[in-house]
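Peer 1: Have a look at the structure that comes next, please.
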């Protein structure tokens, strides 16, 4: 580094140097600033004129829009608000034929992710018609198999053709002559469908077994309107019928459904046909089916409950059965509680609580075969929090409450979903207090449910608790806090103004 010596007579003063430098750069700076100013001025004028022209075009477009679509437009000074016409309502299936019985033999192929169904559908004619209408979605029908195979009279209409109503998801079967009122008929339909990965209908789920190998199994979820992707049916909650299910499966697999296995046929090709007992009359959304390797899935020992010795059992992967012990205890106590509370015993010979690795909801109350996400039943005191233990208690209690509210008594339509979910959501607190009195679940109701739904209910997007729409999009949106927690709050209000004893006698 060089050091400056101020006593050097040949060195010019610093201020004079600075002056000369400043003088040299002054005029170039002025020129540059002038050019920048001119450019900015030109750009301002250009974009101002362009924006005015653009506004003129927009105003012209707005005028055209008013003229052509005035019945759907609300015009303000600078905006066009478009109101989209609502979709037409989805039709419901007429009551001129009353469903009685679905006898289904189903053969799932888990490797190719397909299944074959052979359906015998029995109905009684209420009013004359020559058509049979069923819900159906994404099924491949073998036309040559459709025919009347049985009738309680000599009337045997011949099948002519069928068509598909995409919007309503109707399969419309046309016959040569009318069905006679008071006569019972049975139609056979053979079809194929897909086993999906979408967590609804029949779907494939995977897991890692005790040997750390990737394995697959099949489970189901039909609520609200996925049964139609598994079986042609009247897929409405009020249209109950009896189901008789048989499953053709690999002999190394075990099967579970709503009924108990009543007999098994074994074939030489390594397949087994498992026949289940008929169900009670039930809604289509309660149909359930699980097909899983018997080496990896099993049930804990049966526990007998009530005067009918109902078999209560908890099932799942064999390596987590010890961690399902608490859920097993809750299931036993909660069922005993509701048997006493309602003074009506659970009507089926068995109730199974099945834990699966992948499940879209927390749980589903299928008659006789309740399906849960594994986390909803899994409890290990060394690794799982006390809040998870409380969650398990409420979820199991909720699903058991549905065996009366939702299964035994079902809503006429999805618009009344809050009745079954609200009842179950309130009843879970009573059963939880019976199972674990120290938790005082009923006292937590205000914070856990009322405050929670009030937040959702205060939003501009809130809705009435009951909606009568038939459109699938509206049905799916009903599964929210308004239905569950506001519904439970209304049921709790009834209990409080009637009194707990009067309310209990009423239900």
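Cβ atoms here come from the backbone N, Cα and C positions, even for glycine.
Where the annotation comes from TrEMBL, it is an automatic prediction and has not been curated.
Quantities reported herein were computed from a predicted structural model and do not represent experimental measurements.
Take a look at what TrEMBL says about it:
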type     : residues      : note
ACT_SITE : 399           : active site, proton acceptor
BINDING  : 398, 402, 421 : Zn(2+) binding site
DOMAIN   : 101-286       : domain 'Aminopeptidase N-like N-terminal'
SITE     : 484           : site 'Transition state stabilizer'
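Describe each of these features in terms of where it is and what it packs against.
Peer 2: Taking the Cβ of residue 399 (active site, proton acceptor) as centre and 10 Å as the limit, one finds 25 other Cβ atoms among all the protein chains shown.
Residues near residue 421 (Zn(2+) binding site) in space but far in sequence (CB under 8 A, at least 6 apart, same chain), listed by position: 406, 479, 483, 484, 487, 488.
In three-state terms derived from DSSP, residue 484 (site 'Transition state stabilizer') belongs to a helical segment.
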Peer 1: Under DSSP, is residue 402 (Zn(2+) binding site) part of a helix or a strand, or is it coil?
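Peer 2: Looking at the DSSP assignment, residue 402 (Zn(2+) binding site) belongs to neither helix nor strand, so coil.
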Peer 1: Starting from the Zn(2+) site formed by 398, 402, 421, give every other residue of that chain whose CB sits within 8 Å of the mean position of their CB atoms, in sequence order.
Peer 2: 365, 399, 401, 405, 406, 420, 423, 424, 425, 427, 428
Peer 1: Determine, from DSSP, whether residue 421 (Zn(2+) binding site) sits in helix, strand or coil.
Peer 2: helix
Peer 1: When a 10 Å sphere is centred on the Cβ of residue 398 (Zn(2+) binding site), how many other Cβ atoms does it contain?
Peer 2: 26
Peer 1: Sequence gap of 6 or more, Cβ distance under 8 Å: name the residues on the same chain that satisfy this around residue 402 (Zn(2+) binding site), in order along the sequence.
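Peer 2: Non-local contacts for residue 402 (Zn(2+) binding site): 365, 420, 424.
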